[in-house]
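> Take a look at this one; I'll ask things after.
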């Protein structure tokens, strides 16, 4: 091997190694060893006053990673003529940003300018799951914060009306597999959905059916009572499953029973491969948790274009 080829090989090995090592659970071991603990405390405190916080943080993290990668861009406020992601239509109902603000404030007091807002959100999402009775995991850290946040880009988020082909494409564009899709959909075990997210299944479903025939009839009737065709009740909707504050596999059990809310949930039963995974997770909470952790680490490692550590998560430096 000549010297030129050897040097090229060294460069390639270095670049690949750098990418692999870019995120690490030990990233703050020496610069801010208490980072995880500080974020956990902020989430715990918020949860003691508001049981909707875990679902909010988990959803916030998903929405961050699916637009520009996991760079904390969903946390930025709109400014001037720029309408930020958090004010895009799919994100209007996002809340609990104050939890990230509180964690950031505490971290800045202990480790000024060290921990990124993107990492704080990733840690908070992990804590949201763990503190709701779900699994915990070592979060790879080292993300940088992005400087761009545009509401129009929230169109890239998977919609609750997506079919399985649209979901496959949407997740695939982010390097996520169908296994990841089914596992991450289990995050719907936490939280609440507004009527607008599933009205399409209850009223004028298609030219032949008024209501989606895959819905359990009694379940559909209950939803119609909450979400009539001309609903005027602000924030009307339904819990995502029967144990809204517990992270478990009830979501999959309800899905099999025809009691899911979103068309995108029901679409997981449309093809044999994903239907098999739904059944697997419905039958074993342990299998679900194992798959969820693996897919969460994968999703939260989607690289963004961030290059700074914000001092305030709502605005760039």
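Cβ coordinates come from backbone N, Cα and C, glycine included.
These came from Swiss-Prot, pasted as-is:
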type     : residues           : note
SIGNAL   : 1-22               : signal peptide
DISULFID : 32-111             : disulfide bond
SITE     : 59                 : site 'Transition state stabilizer'
ACT_SITE : 63                 : active site, proton acceptor
BINDING  : 64, 67, 69, 71, 73 : Ca(2+) 1 binding site
DISULFID : 65-70              : disulfide bond
DISULFID : 117-313            : disulfide bond
BINDING  : 158                : substrate binding site
BINDING  : 189, 241, 243, 248 : Ca(2+) 2 binding site
DISULFID : 195-227            : disulfide bond
> In the same chain, outside 189, 241, 243, 248, whose C-beta lies within 8 angstroms of the Cβ mean position for the Ca(2+) 2 site?
190, 240, 242, 244, 246, 247, 249, 250, 251
> Near the Ca(2+) 1 site, what residues other than 64, 67, 69, 71, 73 in the same chain have a C-beta no further than 8 Å from the centroid of the listed C-beta atoms?
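Near the Ca(2+) 1 site, beyond 64, 67, 69, 71, 73, sit 65, 66, 68, 70, 72, 74, 85, 118, 146, 149, 304, 306.
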> In terms of Cα spacing, which of the recorded positions 63, 65, 71, 73, 227, 241 are within 10 angstroms of residue 117 (disulfide bond)?
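Taking 63, 65, 71, 73, 227, 241 one by one, the ones whose Cα falls within 10 Å of residue 117 (disulfide bond) are 71, 73.
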> If you run the three-state DSSP split on residue 195 (disulfide bond), which class comes out?
helix
> Taking just the CA atoms, what is the gap between residue 63 (active site, proton acceptor) and residue 70 (disulfide bond) in Å?
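Per the Cα atoms, residue 63 (active site, proton acceptor) and residue 70 (disulfide bond) stand 9 Å apart.
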> Can you tell me which recorded positions out of 59, 227, 241, 243, 313 are within 10 A of residue 73 (Ca(2+) 1 binding site) by Cα, answering none if there aren't any?
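Close recorded positions: 313.
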> Just checking: which of 64, 189, 241, 243, 248 have a Cα that is within 10 Å of the Cα of residue 70 (disulfide bond), counting only these binding-site residues?
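Checking Cα-Cα distances against residue 70 (disulfide bond), the binding-site residues within 10 Å turn out to be 64.
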> Can you tell me how far the Cα of residue 248 (Ca(2+) 2 binding site) sits from the Cα of residue 59 (site 'Transition state stabilizer'), in Å?
16
> Looking only at Cβ atoms, how many others are within 10 Å of the one on residue 71 (Ca(2+) 1 binding site)?
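Its Cβ has 29 other Cβ atoms within 10 Å.
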> Please report the Cα separation of residue 189 (Ca(2+) 2 binding site) and residue 32 (disulfide bond) in Å, rounded to an integer.
33
> Whole-number answer please: how many Å between the C-alpha atoms of the residue listed as 'substrate binding site' and residue 67 (Ca(2+) 1 binding site)?
10
> Would you mind listing, in sequence order, the residues at least six apart from residue 243 (Ca(2+) 2 binding site) in the same chain with a Cβ closer than 8 Å to its Cβ?
189, 250
> I want to check the contact list for residue 111 (disulfide bond): same chain, sequence separation of six or more, C-beta distance under 8 angstroms. What comes out?
28, 31, 32, 34, 35
